[in-house]
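Asker: Shown below is the structure under consideration.
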């Protein structure tokens with residue numbers, strides 16, 4: 001067992017990174033729609049129609065805004081999340097059976113670990129994704145407006161926004177919304193990892209046989225969908241707090257409590273579910289793909305090992 005753990009840990013780090021890159025590439029346009037929908041104060045139907053018009057006019061580049069940031073940081077983010085969960089599950093199972101409570105505790109610890117990378121990644125990604133919406137109202141940073149008008153690429157724009165944030169807010173500015181990110185990612189991991197583990201176990205034909213790859217994909221999709229919808233209100237609050245530049249007549253918020261209070265007062269409880277369907281569409285295939293990558297055993301293959309169990313207990 002000790003040898004297997006020693007072999008599987010670096011492989012899981014590789015699998016997590018590869019899974020994140022592949023998953024983000026596949027679902028990023030939907031994630032962009034989710035972020036803009038959560039920041040939208042007007043009619044959601046008009047917003048959706050606007051995005052279809054953008055696609056019809058072949059403005060595909062607007063649907064990969066912020067992708068460079070995500071693809072750069074998603075490798076350590078997913079590696080930390082998945083490897084940390086496996087590490088804590090292994091540690092908590094040493095003294096006996098891994099109970100549901102221990103599974104939830106392992107997920108909680110994994111969620112706390114990942115925010116070191118998730119928070120700055122989300123912070124930069126949201127500025128990128130929301131830049132197009134704010135540009136129309138001429139409220140973004142002047143340098144960003146210039147870059148957008150000149151047709152700057154996603155990589156150039158992300159570099160520009162990063163420099164602006166570091167200059168005006170400092171390094172700690174990249175961690176604005178840390179509390180809201182923890183509030184979202186800890187419950188997500190607490191729900192997702194135990195649910196996936198049990199769904200995945202149901203697909204085992206026998207104790208000696210491996211779970212079919214399609215069952216791993218479906219288990220990841222279902223667990224991801226449930227967890228994503230469950231924490232969607234927290235994601236709305238996080239997105240609002242991390243959106244530094246506001247459009248005309250849009251609220252500014254002083255922390256989580258103030259954000260929740262203002263959303264309830266001015267937009268009603270339904271606002272906390274904005275983008276929930278888009279988030280489910282993003283997270284479900286993202287984590288389904290992650291489980292398939294684990295099933296294939298990319299990390300084990302690259303390290304010259306024989307791929308083994310997709311999920312360690």
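Placement of Cβ uses the backbone N, Cα and C atoms for every residue, glycine included.
Those TrEMBL annotations? Automatic predictions, nothing curated.
TrEMBL lists 7-91, 98-202, 211-300 with the feature repeat 'Solcar'. As annotated by TrEMBL, transmembrane segment applies to 13-32, 173-193, 213-237, 280-305.
Help me picture these features in the structure, burial and contacts included.
Answerer: Beyond the ends of the transmembrane segment (173-193), by six or more residues, the same chain brings 81, 85, 89, 103-104, 106-108, 110-112, 114-115, 118-120, 122-124, 165-166, 223-224, 226-228, 230-231, 234-235, 237-238, 241-242, 244, 255-256, 259, 287 to within a C-beta distance below 8 angstroms of the stretch.
Remote same-chain residues near the transmembrane segment (280-305) are listed as 7-8, 10-16, 18-20, 22-24, 26-27, 30-31, 34, 78, 82, 192, 196, 200, 210-211, 213, 216-225, 227-229, 311 (criterion: CB distance under 8 Å, separation of at least six residues from the stretch ends).
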Asker: What is the average pLDDT across the repeat 'Solcar' (7-91)?
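Answerer: Reported value for the repeat 'Solcar' (7-91) is a mean pLDDT of 66.
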